[in-house]
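The structure appears below as structure tokens.
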């Protein structure tokens, strides 16, 4: 027979009192949030989202939404040729700034181009060719307002050193030039493909530290190579390492040095360095180091012409072909044994040129607070080098020294590149015969003064202070270039960059957390020594995604932390560990190996009578955990929103 509540008034009163007390107690406890179970992921949507974030994170087609077909066509043309967009608002005020900037960088680029062509073991006119056509193409397709296009020292040296390993630039001059055009063509193809398929993120694998070391090493190597022209040495090594170069220099000390050449070279080098110092100390005198190279060329050429110093052993340029770029499409190797060699050299030179241009473009865009599209920049750089290879140019890219002068001269748009190209055109048509008596020593001085700025001591010091591994990468690249070759230095830079990535991926940081006093916040006890551990509970945080490459390490390191804690507890007679809480907020992703590692960790903990608890797993991680059935294994009630919730729930359940 059933019993009603009203049958026993005393018992009913006791029950009501117990319920009321329970309610008051639950009201006093903080609310424990449940972890939201995400809906089952759609495979197609997941793949689409991943591809979009990887290749189209900047949503490049957003401007085309809700537009008419005509408007879409116009926007598409403007996307390929940005000059059609910003050109509509171009005015006389902007032209004045571009005119001054264009004239200034032209005065700097002409003597530099002649010297850089010699670095690439090419005739001087090829340097001028490369500052005529490529800047014109870039002005129509590029998105940077400040970058100045032309040959640069590092790429010229890299190209020259790699080409001469295949062909002799003197005995096989024609074949050497054809291979240079072939390498330039494939450098352009590499850059274009990376931009068109939006693969620009690949160049980010070359770390900043590696680039700093590589550039510094290249600057030293380039400067050492200029000792041939600076000292007037006729017989010089083809090797680029410091040991071979210095051996060659000292071997020629007794009979190969020319004192007149040394006087010219050292005097004008001092003049160029003083001009650079003046420009650095006072920004209003930026034009001083910009026109100093041209003044040096004019004065030294007059000196040699008047005193006929070439008769006393001073080596001079002698001849530069007059006229604009001749076509070179038929000279590119599209078949035969040199095709593969040109491809290999072109890919390496193209990537280095791309890295330098990207760094320069981002730097000056940040200074003027505007955005550049990295992938469009690659397409523009690739197109200009493809066109350049067909018009007798070698690899061109953004020059830091010229871009800095361009910026300080007040350039407004890429029209400054067009003006520079026009000045180079006039030089090729009218002025090249005047360079006949230009001494090689002055070109060596100009190159040394230009590349010395690539040695960034402050950046190296900062790397040492911030990250010792970055400093090792920097020095590895630097020493590889200086003591072996540019290619080996580049290889070391890439290898160390990848080694750092692998080390960080395979050995993620795992920290033990403690409670910060007077808060519900749990932080790394090494960073916050005042944070206290919770008796009977070990809290760890995995600071990385859990993949096949680090899953075993994560499991073993966590168990080792647990073993260490248990040994300390035995010595101090504290409460034994009953819960292991894994803080998963930094875990951005997990794969099947990672889930298996968590399952193995759970089984190992079971044997130790320790319960596994997870705190704050992200949506992607939780998706995969639920798909694998892992929450059913450990219990749905063992997954919490925060570490504080997990501790508050687990602590009362612990056995004394």
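Keep in mind that glycine also has a Cβ here, set from the backbone N, Cα and C atoms.
The region 'Disordered' annotation in TrEMBL covers 1-23.
Taken from TrEMBL, the feature transmembrane segment applies to 137-159 (among others). Residues 80-83, 105, 109, 112-113, 116-117, 119-120, 127, 130-131, 180, 183, 215, 218-219, 221-222, 225, 240, 345, 348-349, 352-353, 356-357, 360-361, 364-365, 367-368, 370, 372-373, 376-377, 379-381, 383-384, 387-388, 394-400, 402-403, 405-407, 411-418, 420-421, 447, 450-451, 454, 486-487, 490 of the same chain lie 6 or more positions beyond the ends of the transmembrane segment (137-159) yet place their CB under 8 Å from a CB of it.
Positions annotated as transmembrane segment by TrEMBL: 179-199 (among others).
As annotated by TrEMBL, transmembrane segment applies to 205-224 (among others).
For 259-278 (among others), the entry in TrEMBL reads transmembrane segment. Taking Cβ pairs closer than 8 Å, the transmembrane segment (259-278) reaches residues 229-232, 285, 288-289, 292-293, 296, 299-300, 303-304, 309, 312-315, 439-442, 444-446, 448-449, 452-453 in its own chain, all 6 or more past its ends.
The feature transmembrane segment is assigned by TrEMBL to 285-307 (among others). Sequence-distant contacts of the transmembrane segment (285-307) (same chain, at least 6 residues past either end, Cβ-Cβ under 8 Å): 104-105, 107-108, 110-112, 264, 268, 271-272, 275-276, 278-279, 314, 316, 405, 408-409, 434-435, 437-439, 441-442, 445-446, 449-450.
Residues annotated as transmembrane segment in TrEMBL: 345-367 (among others).
Marked as transmembrane segment by TrEMBL: 379-401 (among others). Cβ atoms under 8 Å from those of the transmembrane segment (379-401) belong to residues 108-109, 112, 117, 120, 122, 126, 129-135, 137-138, 141-144, 147-152, 155-156, 159, 180-185, 187-196, 325-329, 332, 346, 349-350, 353-354, 356-357, 360-361, 450, 453-454 of the same chain, restricted to positions at least 6 beyond its ends.
If you look up TrEMBL, you'll see 407-428 (among others) marked as transmembrane segment.
For 440-464 (among others), the entry in TrEMBL reads transmembrane segment.
Residues annotated as transmembrane segment in TrEMBL: 476-499 (among others). Residues 154, 157-158, 161-162, 205-207, 210-211, 213-214, 216-218, 220-221, 239-243, 348, 352 of the same chain lie 6+ residues outside the transmembrane segment (476-499) yet bring a C-beta within less than 8 angstroms of a C-beta in it.
Among the features that TrEMBL reports, domain 'STAS' is placed at 527-650.
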Please check if the transmembrane segment (345-367) comes into contact with the transmembrane segment (179-199), where contact means 3 or more CB pairs closer than 8 Å and the residues in each pair are separated by 6 or more positions. yes
Please indicate, using numbers and ranges, the residues of the same chain that are 6 or more beyond the transmembrane segment (407-428) and have a C-beta under 8 Å from a C-beta there. 83, 86, 90, 93-95, 97-106, 109-110, 113, 125, 128-129, 131-133, 135-136, 138-139, 142, 144-146, 148-150, 283, 286-287, 290, 322-324, 364, 367
Long-range CB partners for the transmembrane segment (179-199) (under 8 A, at least six residues beyond its ends), listed in sequence order, are 55-56, 120, 122, 126, 159, 162-163, 166-167, 328, 331-333, 338-339, 341-343, 345-347, 349-351, 353-354, 374-390, 392-395
Within the domain 'STAS' (527-650), how many residues are helix, strand or coil going by DSSP? 64 helix, 21 strand, 39 coil
